[in-house]
Each structure stands twice: as structure tokens, then as C-alpha cells.
Protein chains: 6
Amino acid sequence: MVRKDGRNDDQLREVRITRGFQQWPAGSVLIEFGNTRVLCAASVTEGVPRWRQGSGLGWVTAEYAMLPSATHTRSDRESVKGRVGGRTHEISRLIGRSLRSCIDLSALGENTIQIDCDVIQADGGTRTAAITGAYVALADAITWLGAAGRLADPKPLSAAVSAVSVGVVDGRVRLDLPYEEDSRAEVDMNVVATDVGTLIEVQGTGEGATFTRSTLDKMLDLALNGCAELARKQAEALEAPYPYELPTPAPDKKSKGSK
Amino acid sequence: MVRKDGRNDDQLREVRITRGFQQWPAGSVLIEFGNTRVLCAASVTEGVPRWRQGSGLGWVTAEYAMLPSATHTRSDRESVKGRVGGRTHEISRLIGRSLRSCIDLSALGENTIQIDCDVIQADGGTRTAAITGAYVALADAITWLGAAGRLADPKPLSAAVSAVSVGVVDGRVRLDLPYEEDSRAEVDMNVVATDVGTLIEVQGTGEGATFTRSTLDKMLDLALNGCAELARKQAEALEAPYPYELPTPAPDKKSKGSK
Amino acid sequence: MVRKDGRNDDQLREVRITRGFQQWPAGSVLIEFGNTRVLCAASVTEGVPRWRQGSGLGWVTAEYAMLPSATHTRSDRESVKGRVGGRTHEISRLIGRSLRSCIDLSALGENTIQIDCDVIQADGGTRTAAITGAYVALADAITWLGAAGRLADPKPLSAAVSAVSVGVVDGRVRLDLPYEEDSRAEVDMNVVATDVGTLIEVQGTGEGATFTRSTLDKMLDLALNGCAELARKQAEALEAPYPYELPTPAPDKKSKGSK
Amino acid sequence: MVRKDGRNDDQLREVRITRGFQQWPAGSVLIEFGNTRVLCAASVTEGVPRWRQGSGLGWVTAEYAMLPSATHTRSDRESVKGRVGGRTHEISRLIGRSLRSCIDLSALGENTIQIDCDVIQADGGTRTAAITGAYVALADAITWLGAAGRLADPKPLSAAVSAVSVGVVDGRVRLDLPYEEDSRAEVDMNVVATDVGTLIEVQGTGEGATFTRSTLDKMLDLALNGCAELARKQAEALEAPYPYELPTPAPDKKSKGSK
Amino acid sequence: MVRKDGRNDDQLREVRITRGFQQWPAGSVLIEFGNTRVLCAASVTEGVPRWRQGSGLGWVTAEYAMLPSATHTRSDRESVKGRVGGRTHEISRLIGRSLRSCIDLSALGENTIQIDCDVIQADGGTRTAAITGAYVALADAITWLGAAGRLADPKPLSAAVSAVSVGVVDGRVRLDLPYEEDSRAEVDMNVVATDVGTLIEVQGTGEGATFTRSTLDKMLDLALNGCAELARKQAEALEAPYPYELPTPAPDKKSKGSK
Amino acid sequence: MVRKDGRNDDQLREVRITRGFQQWPAGSVLIEFGNTRVLCAASVTEGVPRWRQGSGLGWVTAEYAMLPSATHTRSDRESVKGRVGGRTHEISRLIGRSLRSCIDLSALGENTIQIDCDVIQADGGTRTAAITGAYVALADAITWLGAAGRLADPKPLSAAVSAVSVGVVDGRVRLDLPYEEDSRAEVDMNVVATDVGTLIEVQGTGEGATFTRSTLDKMLDLALNGCAELARKQAEALEAPYPYELPTPAPDKKSKGSK
């Protein structure tokens with residue numbers, strides 16, 4: 001059985017990474033996995049949350065959201081509903097946790113990097129695209145902080161982080177599911193990994209079905225290959241110079257993103 | 001005194017209108033007034049809110065929001081704060097009211113068009129860009145509804161709607177203020193007008209200052225000229241065909257935007 | 001066509017201003033525009049909001065609300081709904097902005113004046129009555145602060161502020177609309193002005209209709225005359241002495257409104 | 001020890017009851033216990049809450065609130081805080097329960113009477129003034145419903161309801177405590193009673209102290225005498241005719257308070 | 001008429017008190033009044049709420065809640081509804097107030113004892129069981145604080161506190177109503193008393209009926225006898241030693257319940 | 001390195017399962033994993049949520065919560081905070097999803113089973129204990145529904161569901177982590193599995209670290225063995241008869257849990 005979009009089972013959708021999409025945040029990346037488009041911004045603020053003050057450690061946190069117009073049929077706005085839904089919370093926490101696993105928070109100094117992942121168009125895999133794009137925005141924010149002379153140590157990032165979905169559809173293990181496959185998958189898994197092939201997070205769910213351990217193994221094979229390819233795309237995107245003028249160190253910390 | 005961006009006092013910033021920015025909503029427009037970028041989507045749903053059911057009339061409503069990363073320094077997410085702020089409410093109501101003034105809701109049939117204006121990048125004039133772009137998205141949604149055979153009358157739009165800001169900066173009346181001017185304006189006004197030169201809404205505010213009636217008159221002159229030019233840009237943008245495949249009438253109402 | 005209440009098109013309803021309506025706030029004014037009755041209180045507290053501390057500047061802010069029993073059919077209580085509605089927010093912001101335009105906040109010292117406008121009975125024009133009455137309450141609070149020796153400069157008020165509605169009803173431009181006219185007006189405008197005839201805020205809206213610039217001009221003529229008359233009523237009301245015993249300066253700041 | 005305001009221990013403050021204070025609700029009463037002033041409105045709506053529909057029974061419910069400017073130092077607005085406080089909830093429930101104990105809800109037909117008690121000025125005893133005034137507003141709403149021919153039975157009220165506070169201050173049992181006494185009372189009790197001397201509600205609390213049964217007995221003596229006097233004041237107030245024009249029965253149910 | 005469970009009118013249900021039900025709080029008591037089961041925990045934290053800091057006084061406060069599965073038919077979770085209901089608020093305030101009346105807050109030092117009463121199974125009288133159990137948990141927390149050397153004075157408790165319900169059912173005054181009786185009681189009263197027979201709180205309510213003063217007197221007789229018996233049960237339960245290892249004073253305050 | 005509680009790395013804590021812990025829900029189970037104690041209730045209601053009505057399918061959903069007193073230091077009550085936290089949401093969704101994977105919702109008929117998992121005492125592994133106990137409560141609810149003649153098919157459960165945590169602590173892979181180990185684990189995984197050894201959900205997270213695929217494999221080995229043992233404990237517990245009297249089919253559906 002062939003996939004509707006003509007891909008092989010172990011093939012990613014086309015990936016596009018656009019740095020400098022917005023002007024003000026220290027990092028701003030538009031990432032596309034096929035028709036899925038997520039805007040990932042990394043904003044820098046001096047200081048850390050109250051419970052962390054005086055520790056000498058920095059902080060990285062994330063928020064994920066969808067534009068109401070991003071989905072096939074419009075979804076209600078969470079600000080209007082007055083509460084953030086469970087799924088949104090879950091994904092925000094996943095993104096923050098994934099990025100923190102590859103950064104040395106003491107090297108960051110008492111700075112906070114706030115990641116915002118806003119889905120512009122949803123066609124499956126929004127959380128994995130968000131993680132993959134957020135890493136690139138984070139790397140730009142680190143470059144910006146380094147230029148401004150605000151890092152306690154010049155190399156806080158220990159590895160690159162990317163993520164991909166994998167699932168069982170029509171009885172076959174497939175990589176990077178679009179909405180059309182995701183919505184009828186029997187098993188659905190998201191894998192977050194580093195560019196050296198270690199795992200950060202594995203979340204696999206039987207959707208009204210259960211799955212064997214050997215299926216799990218096949219899914220991990222495909223996902224780790226997918227993450228390796230995404231890591232190459234990230235590295236390529238980061239070869240170009242920082243997309244805006246960089247700040248100069250001290251005494252004037254007045255530019256981009258700092259208050 | 002010359003404006004920082006080199007414009008004359010009565011000149012608009014560069015305006016760009018991109019139709020079909022997103023795939024799923026019936027209308028989706030990215031509008032840019034210089035560095036201000038707003039994504040305006042028009043989603044169609046069958047039926048109307050409960051308080052309107054059985055009236056035979058349609059409904060048009062709007063929600064405005066900013067991405068946290070859209071502003072010079074990151075702003076907090078309203079969904080996380082758990083409430084929509086006063087400014088957001090005010091602008092959402094203004095957009096909806098402005099669009100409803102140019103549409104015959106009985107011609108629309110019992111359909112709802114939900115407008116979402118999400119600011120991608122903010123550099124002054126987000127509400128006026130939102131209204132101007134939302135009209136184009138609304139026009140596309142009307143085309144889509146017409147093709148689907150769901151309009152009670154084929155021409156519900158009675159005029160085009162556009163909006164522009166005007167203000168007093170450095171003692172001079174100026175059109176289409178960017179953030180740098182807006183933040184220190186003595187008087188600030190937003191004008192919504194039709195393409196035949198009539199007014200829909202006028203909101204002028206002294207910012208810690210008062211203003212004379214003759215200043216008000218000069219501001220209206222500039223604003224009405226600005227709206228006329230915006231109306232020409234809208235007409236130009238709408239000359240191209242609908243950016244996606246149009247539905248065919250009944251019995252299959254299954255495509256774009258309908259549930 | 002004659003107005004139902006027998007007034008000329010350019011005539012205000014009967015205006016009554018009662019100072020000292022409540023005992024505890026530094027200023028408390030019941031204002032009546034015909035059947036519309038609004039209680040405007042000005043409460044003084046030492047200090048200013050956190051974001052303003054140490055600036056040497058004072059602060060004036062306002063909240064507007066309706067009693068549930070104020071309207072023809074009972075309206076739900078916003079505290080019970082758990083959120084302040086868009087209209088309430090909008091009017092609260094308008095009142096605060098209007099009053100701040102006529103006060104020198106540095107002369108006020110680091111004191112906050114909180115204005116509360118609670119509508120006791122609503123019959124159109126509640127926001128304009130609120131602004132007009134709030135100015136009188138503010139003036140009394142300033143007198144109280146001056147007597148207590150807590151002003152940085154004895155004359156912080158630069159002008160008197162009043163407001164009135166004007167609209168197009170039955171094709172005619174009319175001043176100070178009661179609910180019966182307001183609910184069917186084609187155009188509706190609120191004008192806030194000073195006692196020297198300059199403008200503070202102009203908000204005009206076509207209600208499902210548009211309007212020409214010459215209609216706007218006629219509306220402004222009527223509104224400015226109306227505000228001039230309201231300014232005279234305010235001045236008259238303020239001729240009488242402060243309605244309660246005034247504090248004496250320092251060291252005992254223990255009386256009215258201070259904590 | 002004499003009371004500051006010169007009253008005897010068993011004496012009420014001056015009581016004033018003004019019917020028809022507002023125009024729109026079917027009953028609207030301003031009640032004053034000395035400096036405590038509460039506006040009590042009774043609004044009629046057709047139908048009953050969903051959980052009661054089809055039962056043939058009516059419903060009476062109440063909401064209590066304070067204007068921010070009613071207290072010695074301004075209190076925050078519950079709508080702005082986004083939640084109704086515990087004390088407010090408690091008093092609202094007490095008022096509704098007290099009034100329901102004296103009305104035959106089957107005689108009322110499927111109509112709802114919504115009581116709103118809004119404190120204009122607070123000087124102790126606001127909840128007891130609210131109950132006492134609310135009964136008068138309720139009686140007016142019943143008169144209005146009767147005139148409109150909407151009662152299932154012409155006499156739904158079985159007794160008059162009034163309430164008073166009593167407490168131990170300076171070691172003495174005293175009636176109807178103003179704020180100055182209430183704030184330092186050792187024991188505080190509110191008693192709701194009928195005009196035939198039976199009890200509806202008794203709530204006595206030791207404020208950081210305990211009290212003997214004989215103290216309880218003395219408090220009940222004073223409270224029951226106080227309620228008897230309040231019942232006489234209510235009867236007097238209700239001798240005058242209904243303060244507005246009464247509706248005529250059916251088919252036009254379009255007037256006061258009905259939707 | 002005999003009671004369904006065979007008790008005499010003046011008889012309590014079987015009372016069981018289990019100390020040390022949970023390991024972490026300084027006091028944790030499961031109390032059972034027949035089928036009603038309430039878990040009462042007393043948690044100690046250093047310091048007091050902001051408004052009390054520097055006073056040298058401690059603080060005791062309480063929260064009451066029901067498990068959704070505690071009631072005959074499941075009740076919705078208040079956390080999911082996003083607000084605490086009026087009844088919950090009322091009972092929480094009652095518990096806190098009752099316990100504070102028997103404790104010398106200056107002897108407590110600047111420590112806070114937070115009482116949590118969570119209803120595991122509801123069969124009438126949950127608030128009175130909660131108060132009775134909470135006193136035992138409070139006594140254990142005091143013992144714990146004393147052992148840790150953190151009391152300003154070794155004996156902060158001036159009396160034991162217990163509570164019981166009493167009501168009129170089938171025309172008879174009865175003690176300690178189970179749900180089956182409570183739901184059809186004509187009069188319902190809760191009495192909180194000390195072990196020396198003085199009163200702390202009396203709350204009596206006619207449920208759609210009124211009651212005479214002599215009925216009130218009979219209810220008080222039964223309730224005071226019931227409280228006396230509950231005080232004996234509390235004393236018995238507290239005869240056993242503290243159920244866990246006690247802390248030793250200073251410098252290591254690291255154990256149970258302190259942060 | 002030996003575990004503090006003396007267990008082998010691949011050993012579960014002592015597991016205790018008590019059925020019929022509460023009287024009213026159709027299933028009520030207290031499950032203990034060592035010091036972790038979770039009360040799992042399954043309440044039956046007729047009908048299904050609105051979005052599912054008319055489908056002929058039943059529904060199973062879950063809510064998870066902690067008592068404030070369950071944790072080492074007291075945690076704030078989510079009802080008082082007015083919102084359910086992200087972690088709570090996440091676990092509630094996990095429990096519901098896990099149970100739905102082993103039940104045929106069409107066999108259930110249009111009934112809803114609401115699972116409530118309330119943590120009485122937390123010592124690590126609360127979510128896995130909750131899932132394991134919830135399955136037993138669900139099985140009891142199914143028995144109850146079957147006896148009442150309300151199942152569309154007598155055997156809706158296709159497998160038993162249990163869950164266990166596993167992690168890397170002190171460099172060793174260990175099963176069923178108590179709080180003391182969980183709080184310093186480098187990798188943390190929760191596995192939900194059936195009694196036939198297939199997987200339902202796998203969630204593994206590097207806590208500030210990454211992990212290799214071979215570590216993942218070792219964790220899965222331990223977890224699947226742990227789940228197999230838990231499935232045996234569940235089967236044992238379910239050998240005893242239903243702990244209360246069962247209903248008889250129709251026409252009287254008046255008993256346990258149905259409204």
C-alpha cells in the first residue's frame with residue numbers, strides 16, 4: 001500500500017527551515033514539515049523566574065499554541081475560552097523539557113530564553129516540527145547572547161535536538177505522519193533525539209489498540225533515522241550567518257529582546 | 001522635520017497583500033503595512049449563534065490577537081493569563097463592527113463568517129492593517145460561499161472597508177504611524193472608511209494632551225486619502241482569481257471550512 | 001419629527017449633580033442625565049502601582065460597572081460570570097484616559113486616585129454621564145488631598161472634562177440620546193471635551209450604516225455645545241464648599257480614604 | 001458604658017425604607033439602617049432555571065455585592081478579581097434562603113424573582129439590612145406579578161421576613177451593631193425572623209471567644225424584639241400604593257421587568 | 001416514629017477516630033460518623049501569610065472539599081469547574097473560625113497550620129465530622145511543633161472543639177442526621193462547642209419552614225449533649241502517644257511538614 | 001549499590017488492592033504501591049457526552065488529583081488556584097486513554113464510566129498505581145452494569161491493564177521508583193501494558209540527560225515483567241465476589257451510581 005503523498009514508509013516530508021522570520025526575537029524560525037508550518041521564536045530576557053533567583057543558573061521554557069485558523073476546521077481560541085487545554089499544556093511541557101536536556105543552564109547565566117511555538121498551519125506532526133524548529137531558534141538566541149557578552153560560558157549547547165513522529169497506519173510502520181495518516185493511525189509515537197543518536201523522549205501510544213514490542217523496535221529504527229536526517233537539515237540551516245546585526249558586548253545591552 | 005523612514009507626512013508605508021496564505025480557511029490573507037504583518041483568516045461555518053437562530057440572517061464576528069513574539073519585547077500570552085485583555089477586546093469588537101457595516105447579513109443566509117486577525121509582527125497600526133486585510137479575506141470567503149451555492153443573495157458586500165491610523169507627532173499631522181511615532185504621538189486617531197469615501201468609525205484620542213477641532217479636520221483629510229489608496233490596493237489584490245479550487249454547489253458541502 | 005421627550009435636537013436632558021453622596025470616599029458624586037443615574041466615587045490611596053513606583057508621579061485610573069438592576073431587563077453580574085466584558089473594559093479605559101488628559105500627574109505626588117463609576121439606572125449615555133460626574137469627584141479628591149498637604153503642587157487640574165453623546169436618529173442629528181433613541185440610532189458618537197473647547201476623545205460609529213463627513217461635522221457642532229453647557233453645570237456644582245470636614249495636613253494622615 | 005451613637009443596648013438605628021428607588025425592576029427599595037445603605041431590587045423573569053422546568057414551581061434567588069466605594073477604605077471589585085469571595089457567596093445564599101422560607105413557590109407559578117442587594121454604603125449590618133429591604137422589594141414584585149395576572153395563586157407570601165444583628169461588645173449584649181462595634185465584638189449573631197415571631201435563621205459566632213448558653217438567650221431576646229420592630233417598619237412602608245403604574249393582565253406582558 | 005438506623009433521637013452514630021492516617025502531615029486523622037468519613041490533615045509551615053508577617057502571631061486556616069466519588073451520585077470536581085462553590089467556601093470558613101476560637105495564636109509563634117478536610121464518603125454531617133476530626137489533627141500538629149521546639153508557649157490550645165448536627169425530622173428533634181434524614185429535615189442546625197460546654201458557633205436554618213424558639217432550645221439541649229460525648233471520644237483518641245516519631249528541637253528543623 | 005528499601009532492582013514494592021473501599025460508586029478500589037496510596041473510583045451514569053450521543057457507543061474518561069496533604073510538603077489545592085495544572089491534565093488523559101484501549105465501547109452501550117483517581121498518599125509512581133487500580137474499579141463497574149442488564153454485550157473488556165514506572169538511578173535500571181529515587185532519576189519511564197504482554201503506552205524521558213537505545217531496551221524488559229506481576233495481583237483481587245449487593249436488571253435502575 002502506497003502513501004497518498006507518494007512517499008516511502010521511511011521517508012520524511014519536505015523540510016524547510018527559514019531563520020529570521022520575525023525581526024524582534026533573538027531567534028525566529030519558520031519550520032515546515034510538508035504542509036505543517038510552525039513559527040518558533042526564542043526571546044531573551046534578563047533574569048530568571050523568582051524560584052530560581054540567585055542560583056546562577058539560567059532557564060529555558062516553552063509555550064505551544066495553534067492559531068484558530070491553522071486547522072482544517074477552525075478551532076476555538078484558548079484565550080477566549082479562558083484556559084489552556086490539556087493537549088496544549090502537554091506539548092508545551094514536552095518542548096521545554098526536550099530543549100533543556102541539551103543545554104548547560106549554568107553556562108547560560110541568569111538569563112531566561114522563552115520559546116514560543118505558534119502553529120500557522122497544522123497537517124500532523126506539529127509538536128515534532130515545533131521541537132525541531134525551536135532548537136534552531138534557541139541556537140540563534142545563544143549566538144545573540146554570546147555576541148552580547150552575556151553568557152557565563154561560550155558553549156552552553158551540548159547537542160542538537162530534533163523530533164519526528166512515527167506510527168502504524170494500514171498495518172505498516174511509517175515515518176512523519178501527515179494529518180490524513182495520523183487521524184487513523186493504530187499506534188502513534190513521537191521520538192525526540194540528539195544529533196549523536198541518543199534519546200531524549202519517547203512517547204508511544206496505542207490508539208484504541210495495543211502493540212507488540214517488535215513493532216516498537218521498528219518504530220524506533222525509523223524514528224532515529226528520521227531524527228538523524230533532521231539534524232543534518234538543522235546543521236545546514238545554521239551554516240548561514242545570524243540573520244540580523246548582532247549586538248556588541250556590554251555596556252549597552254539595549255538591543256534585541258532585552259528589556 | 002523629516003520622518004525617520006523618509007516618508008512624507010501624508011504617505012502610507014509600503015502595503016503588501018498576499019491571498020491564500022493558509023490552505024484551510026475560506027479566506028486567508030497576509031497583510032503588511034511596512035514591518036507590521038497581520039494574518040487575517042475568514043472561516044465559514046454553517047449556522048449562526050444561538051441568539052440569532054431562525055432569523056434567516058447570517059453573522060460576521062472577529063477576534064484579534066498578537067503572537068507573544070510579535071512585539072519588540074515579548075508580551076505574555078493571553079491564554080496563559082486566562083483572560084483576554086481590554087485592548088484585545090476593544091480591537092476585536094472594532095474589527096467585527098467595521099466589517100458588518102458593509103455586508104448585508106440577510107444576503108449571507110444563516111452562515112457565520114469568523115474573522116481571525118493574528119499579528120505576526122507589530123510595528124504600529126496593527127488594528128488598521130487587520131481591518132484592511134480582513135476585508136480581503138472576507139471577500140474571498142464570500143466568493144467561496146457563492147461558489148458553494150450557499151448565499152441567499154449573490155452580492156452581500158455593499159462596499160470595501162479599509163482603515164488607517166493618523167496622528168500628531170512632533171507637532172505635525174502624519175499618516176500611518178509606525179511604532180516609533182505612535183509611541184510618542186500627542187494625538188492618535190484611527191479611521192475606518194469605505195471605498196466610496198464615507199466613514200464607518202472615527203476614534204481619536206489625545207494622549208495626555210487635548211487637540212483642537214482644526215487638528216481633527218486635518219487628520220480626517222489625511223486619513224480619508226489614505227483609505228482611498230488602501231481601497232485601490234485591495235481592489236488590485238482581488239483582481240487575481242480565488243487562490244484555491246472553488247467548491248461546487250451542493251449536495252456535497254464537504255470542502256474547505258465547512259464542518 | 002419631534003423627540004419623544006419633547007426636547008429640541010440640540011438640547012441636553014436635565015442634568016443634576018449631587019456631591020458628597022457617600023461618606024467615605026474623598027469624592028462621591030451622583031450625576032443624573034435625565035433618567036440615567038451614575039454614582040462616581042474618587043478614592044485616594046497612598047502610593048502608586050508597582051510599575052510606577054519611584055517615578056514621583058501619581059496615578060488616576062477608573063472602573064465602570066452597571067448594577068444588574070440598572071437596565072430595563074436585568075443584566076447578569078460580571079463578578080458571577082467571572083469576567084469583565086469587553087464593553088465594560090472599553091468604557092473603564094475611556095474614563096481613565098479622559099481624566100488623565102487634564103491632570104498633571106507630577107503635581108499629584110505618589111498618590112493614586114481610583115475612580116469608580118457605578119451605574120444605578122441606565123437610560124442611554126451612561127459613559128458620558130460617568131465621565132462628567134467623575135471629573136467632579138476627582139476635583140473633590142484633589143481638594144481633599146490639598147487640604148491634607150499631600151499634593152506636590154497645589155493645582156494639578158489643567159481643565160475640566162465633560163462628555164456627551166450625539167447621534168443620527170430618524171435621519172436627524174441629535175444630542176444626548178436616551179436609550180429609546182440610542183437603540184435605533186444610525187450613527188452614534190461620544191465626544192469628550194474640555195471647558196476651553198478642545199477635544200480629548202472622539203468616538204463615532206456607524207451602526208450598520210456609514211456616514212458622510214458633513215454629518216460628522218454637524219455632530220461635532222452639537223457635541224461641543226453640549227460639553228460647554230456641561231462644563232457650566234460642573235462649575236456651578238463645585239462652587240459650594242467641600243461637602244464634609246476636610247483633613248488637616250500631616251502628621252495625622254488618618255482620615256478619609258487613606259489607609 | 002454608653003454606646004458611641006447614644007443608643008440604648010436594645011435600640012435599633014434609625015431605619016428608612018424608600019420604595020421605587022429605581023424605575024425598571026418590579027421592586028426596588030433603598031433601605032437604610034443608620035449609615036448603612038443597601039439597594040434591594042427584585043426583577044421578574046418568565047420561566048425558571050433549567051433544573052426546575054416543568055415543575056410548576058417558581059424560584060426566588062439572591063445576589064449580594066458591595067460597591068467598591070461603599071467601605072471605609074475602598075475594596076477591590078469582585079468582577080475584576082474574576083471571582084466572587086466566600087463572604088459574598090455566603091450572604092447571597094443566606095438572603096435567598098431566608099426569602100424562600102416565607103413564599104409558596106407553587107403559588108408563584110413558573111416565574112423567577114431575582115433579588116439583587118447592592119451595598120451603597122457599609123457601616124455594619126449590611127446583610128441584615130439587605131434581608132429586611134429585600135422582603136419589601138419582593139412584596140412589590142409580587143404585587144406587580146399579581147396585577148399582570150401571572151400568579152398561580154394570589155397570596156404567595158406567608159409571612160414578612162426581617163433580620164437584625166446582635167452581639168456582645170464591651171461585655172454587653174447589644175442590638176444592631178454599627179461597624180465601630182461590629183469590628184470589636186466578642187460574639188456576633190444574625191437573626192432572621194418572621195413578623196409572627198418565629199425563627200428562620202440563627203447564626204451566632206464567637207469571634208476568637210466562646211459564649212455561654214445564657215448569653216445566647218439574651219441575644220435572642222434582643223434580636224426578636226428588633227425584628228418585631230423592623231416588621232412594623234416594613235408594614236408601614238408597604239401601606240403606600242405601588243410606586244409605579246401597574247401592568248394589566250395578559251395578553252400584553254410587555255411591561256416592567258419581563259423580557 | 002423510629003429512626004431507620006434504629007438510634008434514639010438523642011443518640012450519635014458510631015464515632016471512630018484514627019490518628020496517623022497519612023505519613024507526611026504533622027497531624028492526620030480519619031474520622032467516621034457512621035458512614036460519613038472525613039480525612040483531616042494538619043500541615044505545618046514556617047511563617048505566616050504576608051498580611052500577618054512581623055506580628056509574632058501564628059495562623060490557622062482550613063479548606064474543605066469532597067472527593068467526586070464521595071456522594072451517592074458523583075459530583076463534579078471543583079478544580080475542573082475552575083471555581084470553589086459557595087457551600088465549600090462557607091464550610092471552609094466555618095472550620096477555620098471554629099478552630100481559631102480555641103487556640104492562642106501568639107503562643108503558636110509565626111507558624112501556620114493548614115487544615116485540610118477531605119470528605120472520603122458523605123452520609124450527612126460532613127462539616128461537623130470535619131470540625132471534630134480537625135481538632136484532633138490540630139492537637140497532633142501542636143504536639144509535633146512543641147517537640148520541635150517551635151512554640152512560643154507550650155500550651156496554645158485553650159479547649160477542645162467538637163461539632164454536631166441536630167434537626168427536626170418527621171416533627172421530632174433528632175441528633176446527628178444521616179443524609180436520609182438531613183435531606184428531608186424541616187429545620188437543620190449545626191452547633192460547635194467546647195469541651196467545657198460553651199458555644200463557638202450556632203447555625204440554625206428553617207428549610208422552607210420556620211421554627212419556634214422552644215424548638216431552638218430543644219435542639220441546643222441535644223446538640224450540647226452530643227458535643228460533650230464527642231469531646232470524650234476526642235480525649236480518648238488523644239490518650240495514645242503521637243503516632244509517628246517526633247522531631248527533636250532545632251537546629252535540624254528538617255522533618256515532617258516543614259519545608 | 002543497594003536500594004534504600006532493600007529491594008532488588010527488578011522488584012516491585014508491596015502491592016495491596018482493596019475493593020469496595022467506598023460504598024456509592026459502582027467500583028471503588030484503594031491501591032497501594034508501598035507508601036503510595038490511590039483511591040480509584042468508577043462511577044456509572046446513563047448516557048454519554050453530547051458529542052457522542054446517538055452513536056450507540058459508551059464512554060470512559062478519567063480525572064486524577066492529589067489531596068493537598070498527600071505530598072511530603074503540602075501542595076496547593078487546584079480548585080482554590082482555579083485551574084487544573086499541566087501535570088494533572090496530562091495524567092488524567094493518560095489514565096483515560098489507557099483504559100479505553102482495552103474496552104469495547106460499543107459493547108458498553110450508551111453509558112459513561114467516570115474514573116476518579118485521588119491520591120491519598122504520594123511516594124512516587126502515583127500515575128502507574130492509579131492506572132493499575134483504576135482497571136480493577138472499571139472491572140467492578142462492568143460487573144455492576146452487567147448485573148443491571150445495561151450492557152449491549154456481556155464482555156466489553158478485552159484485556160487487563162496495568163502500569164509501572166522504571167528508571168535509571170545511580171546508573172542502574174530500576175523498577176517501580178519511590179519518591180526518593182524518582183526525584184534523582186536520570187531517566188524516567190512509565191509503561192502501560194496488557195496482561196498478554198502487549199504495550200499500550202510508553203513514555204520515557206531523560207531528566208536533564210539523554211539515554212541510549214540499549215538503556216531503553218533494559219527498561220522495557222523490567223517494566224514488562226513488572227506489569228505481568230501486577231496483572232497477576234489484579235486477577236487475584238478480582239477473584240473475590242463483587243463487594244456489595246448487585247442490582248437486578250431493569251425496570252428498577254434505581255441503585256448504585258445511576259441517577
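Every residue gets a Cβ built from N, Cα and C, even glycine.
Other C-beta atoms found within 10 angstroms of the C-beta of F:R127 (phosphate binding site) number 25, with every protein chain shown included. Per TrEMBL, phosphate binding site is recorded for F:R87, F:G125, F:T126, F:R127.
According to TrEMBL, the feature domain 'Exoribonuclease phosphorolytic' maps to F:11-141 (among others).
Residues annotated as domain 'Exoribonuclease phosphorolytic' in TrEMBL: F:161-225 (among others).
Taken from TrEMBL, the feature region 'Disordered' covers F:238-259.
Cβ atoms within 8 Å of the centroid of the Cβ atoms of F:R87, F:G125, F:T126, F:R127 (the phosphate site) belong to the same-chain residues F:Y64, F:I91, F:V119, F:A122, F:G124, F:T128, F:A129, F:A130, site residues excluded. Every protein chain considered, the tally of other Cβ atoms within 10 Å of the Cβ of F:T126 (phosphate binding site) stands at 25. The binding-site residues listed here are F:R87, F:G125; among them, F:G125 has the most other Cβ atoms within 10 Å of its own Cβ. According to DSSP, the secondary structure content of the domain 'Exoribonuclease phosphorolytic' (F:11-141) in residues is 41 helix, 43 strand, 47 coil. Here the domain 'Exoribonuclease phosphorolytic' (F:161-225) is broken down by DSSP into helix, strand and coil counts: 17 helix, 30 strand, 18 coil.
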